[in-house]
Amino acid sequence: MEAGGLPLELWRMILAYLHLPDLGRCSLVCRAWYELILSLDSTRWRQLCLGCTECRHPNWPNQPDVEPESWREAFKQHYLASKTWTKNALDLESSICFSLFRRRRERRTLSVGPGREFDSLGSALAMASLYDRIVLFPGVYEEQGEIILKVPVEIVGQGKLGEVALLASIDQHCSTTRLCNLVFTPAWFSPIMYKTTSGHVQFDNCNFENGHIQVHGPGTCQVKFCTFKNTHIFLHNVPLCVLENCEFVGSENNSVTVEGHPSADKNWAYKYLLGLIKSSPTFLPTEDSDFLMSLDLESRDQAWSPKTCDIVIEGSQSPTSPASSSPKPGSKAGSQEAEVGSDGERVAQTPDSSDGGLSPSGEDEDEDQLMYRLSYQVQGPRPVLGGSFLGPPLPGASIQLPSCLVLNSLQQELQKDKEAMALANSVQGCLIRKCLFRDGKGGVFVCSHGRAKMEGNIFRNLTYAVRCIHNSKIIMLRNDIYRCRASGIFLRLEGGGLIAGNNIYHNAEAGVDIRKKSNPLILCNQIHHGLRSGIVVLGNGKGIIRNNQIFSNKEAGIYILYHGNPVVSGNHIFKGRAAGIAVNENGKGLITENVIRENQWGGVDIRRGGIPVLRSNLICFGYSDGVVVGDEGKGLIEGNTIYANKGCGVWMMSSSLPHVTSNHVSYNGLYGVAVFSQKDGSSELPRGHRAQENFSEDGDAILWETELEKEDDPLRRPITIALVESNSINHNGASGLYVQSSEALHVITNVIHANGDRGITVAQSSQPTRVANNSISCNRQSGVKVEAQCKVELRGNGIYDNRGHGIITKGDSTIVIENDIIGNRGSGLQLLPRSDTKVIKNRIHSFRAYGIAVRGRAKALVQENIIFQGKTSKTIFQQISNNRECIMQNNKFLVFKKKSDTWRLVNPPARPHLENSLRRPSAAHNGQKVTAMATRITARVEGGYHSNRSVFCTIL
């Protein structure tokens with residue numbers, strides 16, 4: 001094309017009138033003409049593509065308003081696909097050398113219709129030869145008997161789709177056939193419209209109504225741009241079948257059934273279909289981005305380290321005052337005593353809790369008064385998740401998760417998991433892509449070792465989208481599944497496969513339902529706004545549920561019950577209207593490294609025999625409790641970060657024997673950990689809400705397998721007493737640990753720091769509660785309070801810098817032995833009337849009050865303690881009345897004599913002693929040794945939290 005020629009716009013206008021052969025010839029003139037022909041993409045190539053009667057819009061039926069990237073390329077793909085059925089034409093010719101000189105026979109075109117060469121399809125087929133083209137002109141063609149295709153032919157309808165209707169039952173016995181632009185309806189004598197057992201059939205731009213299509217292996221088929229109205233495609237043992245850009249409407253049963261393992265025998269078309277699939281654009285993401293950091297909640301600093309505690313006295317004064325003396329009414333100390341409540345507990349007046357490493361240094365005193373400083377370091381919370389994320393939550397601020405908690409993309413997950421990548425790239429059995437299934441009963445049913453792959457489809461307004469049973473495998477990539485009247489995807493009887501990158505929402509039952517030993521990989525899906533749960537695992541179902549977004553579902557985001565045993569890792573489960581994860585009815589599961597946030601009920605709810613392993617999760621910003629362990633719930637709760645929930649961090653029943661260890665529980669609205677034992681009536685189900693009714697299948701009663709796997713799980717160690725150990729419990733709105741239980745409880749090696757009420761409150765404990773080797777510091781009121789009629793043993797604890805008393809007790813059997821009670825603003829120990837306490841071998845110090853204060857007729861044995869004098873105006877020991885039941889034996893009282901006096905806690909060093917008792921979270925267990933339906937959860941708001949129920953959350 002010369003520079004002085006016509007403008008390009010004028011050339012495009014001229015070339016727009018050319019037909020396809022002429023465009024091809026023009027593109028061969030030179031490179032300039034070739035590029036000019038390519039530039040006609042949005043004009044002439046678009047007209048040719050949409051004007052072709054053998055195809056429809058390239059993005060029909062799912063996105064008919066979205067233009068393809070290239071109309072020319074789309075037209076090219078249509079043309080090449082229309083020729084697939086003849087690929088073996090040369091193979092059927094004679095292979096002897098003389099065939100090279102034989103004149104090739106031209107394909108004939110046979111016309112069928114009124115006034116044409118043939119009156120019926122049957123008569124035309126009787127005269128057809130290999131690869132002839134039979135054209136049906138507009139009209140209705142009804143065949144009274146079964147048509148048998150004995151030679152490869154092409155049957156095409158003339159005119160617009162719908163003008164040629166064929167009422168027939170066709171049985172293909174030849175190697176290949178193509179049918180195009182036809183409307184099929186079944187003949188009067190058979191519902192089967194088309195059947196093939198060994199050959200290849202290709203349907204393009206056809207409509208099928210109210211009948212069946214059957215393809216048996218080693219037969220194959222390729223179906224494109226077809227509409228199926230109440231029509232069932234049955235694929236039995238097919239090695240490969242391709243359904244593309246099809247619409248399935250109004251099915252009374254399944255739209256597509258894939259049955260049987262793909263046949264090992266393959267016909268000639270298998271390799272061509274496989275090549276066509278591999279050359280087509282993939283639905284797998286291709287972005288090449290760096291891996292994001294994986295969630296790692298176990299990389300924490302050491303919880304604490306042994307320390308030496310120095311008590312440094314500055315100033316001088318005469319020795320101690322008499323033990324029975326009281327402070328002067330006008331003194332500063334007298335005003336501090338006025339802060340003691342009616343029960344003898346000191347109430348802090350300052351609004352903030354101390355987080356500092358040093359104890360109070362007399363900030364309320366005048367500068368000319370003597371100063372007393374405690375130079376030890378108080379153990380604070382363990383840092384987790386790096387930095388400021390776990391600071392005080394800001395009201396109204398948006399939630400910004402650290403980069404290490406951001407979900408990986410599907411491509412990143414597949415690159416990390418080579419087996420999943422190989423599975424995603426595999427093609428076997430039936431490939432269904434870019435199809436629309438709507439307004440019917442079922443979408444795709446895969447059974448009896450069948451194999452099916454679904455990419456880029458839409459399933460809507462069905463009873464269910466996909467069912468996979470009896471050792472079958474499905475691969476589902478980038479599908480939309482919504483408004484199903486039951487579950488979206490249903491797997492049972494050892495079904496499996498890969499479910500990745502799908503958008504599953506607004507379904508009446510679970511988005512994904514896994515039962516009876518099914519074991520799929522569920523990866524990088526969005527499962528949301530379901531009318532019930534997001535994912536349900538029950539009846540010995542398994543599965544790996546990883547890196548999904550599960551949100552805004554009406555019931556639990558993930559429901560595990562009836563021996564369900566999945567591995568749930570790396571998911572974001574948020575904004576659910578019930579619990580984030582619920583484990584009921586003997587459900588198990590390994591639940592690790594998930595972000596569970598902003599759910600209306602408990603982040604994780606464990607009840608009725610549920611026994612999961614809950615490890616290294618972030619459970620935050622919930623509108624109720626972080627973790628709920630209800631009636632008969634068990635399990636290991638280890639290494640989790642439970643943060644900023646409006647209820648308790650952990651609410652549990654001690655009768656269930658939960659094991660709560662190595663968790664970081666902070667900034668929750670109520671208690672850090674609350675332990676109860678009273679039954680809440682949750683074992684009673686209201687009428688009409690039985691489990692069988694909630695999860696029944698097609699109205700049938702469910703008989704679940706009751707065989708349990710051997711309890712040799714290395715993730716759990718057997719315990720016989722409820723255990724709270726090695727946790728960091730800090731900055732919670734009420735007490736760090738609240739106990740109201742009639743069962744025994746062990747509280748061991750925890751850091752309980754800077755909580756808004758007491759460190760530990762024991763309100764009820766008819767069986768012994770053992771509190772050992774804990775660091776209890778900087779809490780807004782007392783370090784430990786024991787109510788009346790409670791049995792508590794306090795041993796080996798460090799109780800430092802609390803704004804009330806160190807320990808205050810009304811209990812009738814309290815043992816305080818070998819503790820360090822140092823630097824608290826109230827008395828070290830406050831023994832209230834009618835209490836019975838043994839105080840043995842403790843080291844006790846208070847800055848502003850008494851070392852030990854005995855109120856009324858308290859019964860006490862105070863023996864072999866070291867009691868340091870605090871403020872100069874206070875005595876070491878105070879006894880309000882002459883109480884003969886208070887026995888003092890072999891105690892050592894230390895008072896300062898001169899400014900340089902220094903006391904050190906060195907033999908033994910400052911408590912708690914944790915070097916031998918600290919447990920770290922055990923290593924993640926990747927194997928699947930965790931085992932399958934829970935009753936419906938119903939919310940009930942209780943009037944008060946102290947009714948011994950989990951706040952906002954109860955199982956009815």
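Here the Cβ of each residue, glycine as well, is placed from N, Cα and C on the backbone.
Sequence annotations record features per position, and here Swiss-Prot assigns compositional bias 'Low complexity' to 316-336, 351-361. Positions annotated as domain 'F-box' by Swiss-Prot: 1-48. Annotation comment: Swiss-Prot describes S321, S326 as phosphoserine. Sequence annotations record features per position, and here Swiss-Prot assigns region 'Disordered' to 314-367. What Swiss-Prot lists as repeat 'PbH1 1' is 198-217. According to Swiss-Prot, the feature repeat 'PbH1 3' maps to 427-448. Swiss-Prot lists 449-470 with the feature repeat 'PbH1 4'. What Swiss-Prot lists as repeat 'PbH1 6' is 494-516. Annotated repeat 'PbH1 7' per Swiss-Prot: 538-560, in sequence order. The repeat 'PbH1 8' annotation in Swiss-Prot covers 561-583. Here Swiss-Prot flags 584-606 as repeat 'PbH1 9'. Taken from Swiss-Prot, the feature repeat 'PbH1 10' applies to 607-629. Taken from Swiss-Prot, the feature repeat 'PbH1 12' applies to 653-675. Residues or ranges marked as repeat 'PbH1 14' by Swiss-Prot: 740-762. What Swiss-Prot lists as repeat 'PbH1 16' is 787-809. Residues or ranges marked as repeat 'PbH1 17' in Swiss-Prot: 832-854.
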Cβ contacts under 8 Å made by the repeat 'PbH1 12' (653-675) with residues that lie 6+ beyond its boundaries: 300, 381-382, 384, 390, 392-393, 606, 625-626, 629-647, 716-717, 719-741, 743-745, 752, 755, 919-921, 945, 951
Tertiary contacts of the repeat 'PbH1 1' (198-217), as residues 6+ beyond its ends and Cβ separation under 8 Å: 53-56, 81-82, 84-85, 161-162, 172-186, 191-192, 223-239, 241, 260, 262-263, 265, 267-269
Criterion met for the repeat 'PbH1 14' (740-762) and the repeat 'PbH1 10' (607-629) (at least three Cβ pairs under 8 Å): no
For the repeat 'PbH1 8' (561-583): best-contacting stretch of 427-448, 449-470, 607-629, 787-809, by Cβ pairs under 8 Å: 607-629
Outside the repeat 'PbH1 3' (427-448), six or more residues from its ends: residues with CB under 8 Å to it: 59, 61-62, 230, 235, 238-262, 274, 277-278, 283, 454-474, 495
Model confidence over the repeat 'PbH1 3' (427-448) (mean pLDDT, whole number): 95
Helix, strand and coil totals (DSSP H, G, I; E, B; other) for the repeat 'PbH1 7' (538-560): 0 helix, 10 strand, 13 coil
For the repeat 'PbH1 6' (494-516), the number of residues DSSP places in helix, strand and coil: 0 helix, 12 strand, 11 coil
